[in-house]
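What follows is a set of notes on a single structure, which appears directly below.
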């Protein structure tokens with residue numbers, strides 16, 4: 001279902017890029033347990049999750065980024081490993097924020113492997129695949145400006161990186177100005193699950209906060225309160241606003257109330 005989002009340029013090609021000629025029944029059973037919501041859209045419309053301009057004309061969205069990281073934590077709790085999960089995002093500014101947030105959460109939460117979850121730009125992840133992909137769109141503004149999110153080729157790459165689960169975090173009202181992006185939202189609304197990012201944050205981000213461990217007898221109070229050593233990974237490439245990189249279920253994850261809600 002994830003790959004139905006993108007028109008196949010070769011109608012004779014196998015729509016599954018990783019077919020398994022010798023399926024393992026036990027593995028299939030495990031897959032079934034993890035695939036209640038193949039596609040999930042966490043909608044930030046009306047949540048006040050406004051984008052920010054950072055660096056040399058790049059963009060970030062901190063509130064959206066925290067929701068994306070909360071979803072990654074939920075995936076890890078369901079038993080996925082760090083190697084099976086990644087976050088990709090169009091903007092280098094968001095890559096940098098997400099890596100900082102990953103370090104903060106990894107230092108505070110009892111989730112082995114969280115610090116190793118890959119976070120990259122869309123272009124930096126071309127050719128890669130994961131069992132579960134979280135895509136942070138970043139753009140959220142009253143003028144409904146999507147910038148280079150309108151590059152459909154890059155979005156094609158982004159939404160085909162997931163083998164079993166795609167979670168898109170973004171503003172349905174902002175992206176409604178672009179036909180392709182609006183089509184992605186409407187497809188997930190019809191065939192997957194749409195939830196308010198605010199409601200998801202209330203259910204998941206606060207749960208994470210409640211589980212924060214006190215480190216050296218001091219509580220974690222801010223994003224920069226605790227830093228841990230970064231894992232080895234490719235540096236973020238410097239890019240300007242015009243050339244910046246952008247980059248599809250899990251039981252108990254994204255299967256709560258709010259299915260089918262959201263605005264187009």
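Quick reminder: no glycine exception, Cβ is built from N, Cα and C everywhere.
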Of the residue ranges 1-29, 30-58, the one that TrEMBL records as region 'Disordered': 1-29
Among ranges 223-243, 244-264, whichever one TrEMBL labels region 'Disordered': 244-264
DSSP helix/strand/coil residue counts for the domain 'DNA2/NAM7 helicase-like C-terminal' (33-172): 56 helix, 36 strand, 48 coil
